[in-house]
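Everything below concerns the one structure shown next.
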Amino acid sequence: MPKTFRRTKHFWFLTGQTAVVNFFISGFGSAQSLLRSDQGTSLKVAGLHGTAMGLASISSGLLNSRIVHALGRKKTVWLGLGIFSVGLTCLALAPIVQLTILAAYVTGFGVSMTINNTTASTSEDFAEHRQVALNQSNAIGISVGGLGILTVGFVASVFPDHWRLSMLICLLLIPYLYFFVRDKEGEHHTPPEHGRQSGKVSAGFLASVFAFFLSIACEFGISFWSAALLSDRVGSSAALSTLAVVTFVCGIAISRWFIAPIFHKVHIDDQLRFAFAFQCTSFMVFWLSHNMLLSLISLFCVGMGVAIQFPMFAVRIIAFSENRPDLAIGYNSLAAGSAIALSPFMLGVLGDSFGISRAYLMIPILMLIAITLISVFPSKHLGAK
C-alpha cells in the first residue's frame, strides 16, 4: 500500500455510505434460507428476491447518467439512501412473499444508486491511489456486511420470528453521516452544458462489462445459496449455515485490506486472472467438501478470490470508457443488476430440479469464461493499472 495514501474525512464519508447498504446486502443475501423457511417457498421463489434486486440495479443503471447529470453525484447518493431506507423498512415488515419481492426491488434500486456513485466518486476523488482507495473502502464495507450476517444470524437464533427487523439497524448510520460527517461544500450542482455522458463504446469495453457480469453472478450465487449447500452437505441448521457464510465475507474483507495492496503494482488484468483461478480452485474444494471445517476454510478462500474483482473491474471499465466514468458506472450497474437478477434465480431453478449441489457446477464454468474474456480483450494499452 502506498504510504502517501491518506484516509481523509471524505474517504470515511464515502465509505460510510457504502457500508450502510453493504450491511443489508450481506445480511439479506445470506439469509435466503431463513426467508424461504419463514414463507414456505421453493428455492426458485426465494430466488426471486435476488431477481427483483437485480432488475432494480438494471433500472438504476439505465437512469444513472441522467440522474447524475440533473442532480450531481452527491445528491444522487442521498436520493439512493432515501429510497433504500423506504424499501428496507417495507422489506422488514411485509408479511407475504409478493410484498417482500416488491420491497426487494425498491431496496435494490437504492442500493445500486448508492454504490454506483460512491464508487465513481472514490475512483475520481482518489485518482492517484485509485486501487488502494477502492479496495480499502470496499474492505470496510464488506466488513460491515459481515456484521450484518452475524446480526441477522444471531437474531434468527434467539428470536427466529423477528430476524428481518435486525436489518433496520444499518439505517441509524444515515442521519449520523448526513448531520455530522457530510461535507456541504460542492453540493450545488449545475448540469453540464454538453449533456450527460453517452456515445458508442468499444468491444473491449463490452467484453469487460460482460466479464464483470460473470464475476457478480458468481459472487451472488455463492452468497445467496452457499448456506443451502452447507445445510445439504453437512446437515447444519438454516441459522447456523447463515452464520457460517460470514467466513465468505471475512475472506473478502481481509483480502481487500491486507492482500490486495501487496499486488497493487501488478497489472489489473493479471490480478483478475489470478483471482478467478484462486476462486475457482477454492470453490471446487468447497463443493466437494462434506466436512464443516473444510467447508468454512474453503469458503473463506473463495471470498479471498472474490475480493478484488469488484473494485478492479470498476477501474478496468472506466479505463475502457474513454473518460466517461458515469457512463461506465451505468454499464457496471446494468451488468451487476443482470447478474443479481439471473444468478440466484437460475441457481434456485436448477437447485429445485437437480439439487443445489449439481446446480452449483454452473459457478466454475462462469469463472473460466471470465478469465478467457480478460485474456482476449486486455486493458494494458489503456493504462488501467
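Placement of Cβ uses the backbone N, Cα and C atoms for every residue, glycine included.
Fair warning: this is a prediction, and the values are worked out from it, not measured in the lab.
Per TrEMBL, the features are as follows:
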type	residues	note
TRANSMEM	12-34	transmembrane segment
TRANSMEM	46-64	transmembrane segment
TRANSMEM	76-96	transmembrane segment
TRANSMEM	102-119	transmembrane segment
TRANSMEM	139-159	transmembrane segment
TRANSMEM	165-181	transmembrane segment
TRANSMEM	201-226	transmembrane segment
TRANSMEM	238-259	transmembrane segment
TRANSMEM	271-288	transmembrane segment
TRANSMEM	294-315	transmembrane segment
TRANSMEM	327-347	transmembrane segment
TRANSMEM	359-377	transmembrane segment
Quiz prompt | Highest-contact recorded stretch vs the transmembrane segment (12-34), from 102-119, 271-288, 294-315, CB pairs under 8 Å | solution = 102-119
Quiz item: What else in the chain is close to the transmembrane segment (359-377), if you only count residues 6 or more beyond its ends and a Cβ gap under 8 Å?
Solution: 203-204, 207-208, 210-211, 214-215, 217-218, 221-222, 225, 229, 269, 272-273, 276-277, 279-280, 283-284, 287, 346-347, 350-351, 353
Quiz item: Counting only pairs 6 or more apart in sequence, are there at least 3 Cβ pairs under 8 Å between the transmembrane segment (102-119) and the transmembrane segment (46-64)?
Solution: yes
Quiz item: Do at least three CB pairs under 8 A connect the transmembrane segment (201-226) and the transmembrane segment (327-347), leaving out pairs fewer than 6 apart in sequence?
Solution: yes
Self-check item: Cβ-Cβ under 8 Å with the transmembrane segment (271-288): same-chain residues at least 6 beyond its ends
Solution: 211, 215, 218, 222, 226, 229, 263, 294-295, 298-299, 301-302, 304-309, 312-313, 316, 357, 360-361, 363-364, 367-368, 370-371, 374-375
Exercise. For the transmembrane segment (201-226) and the transmembrane segment (139-159), check the count of CB pairs under 8 Å (sequence separation 6 or more) and say whether it reaches 3 or more.
Key: no
Quiz item: Against which stretches of its own chain does the transmembrane segment (76-96) lie, if we need a Cβ under 8 Å and a gap of at least six residues from its ends?
Solution: 17, 20-21, 24, 28, 39, 60, 64, 67-68, 102-114, 116-118, 121, 164-165, 167-168, 170-171, 174, 178
Self-check item: Spatial neighbours of the transmembrane segment (139-159) far in sequence, C-beta under 8 Å, 6+ residues away
Solution: 15, 18-20, 22-28, 30-31, 34, 165-167, 169-170, 238-240, 242-243, 245-246, 249-250, 252-257, 260, 307
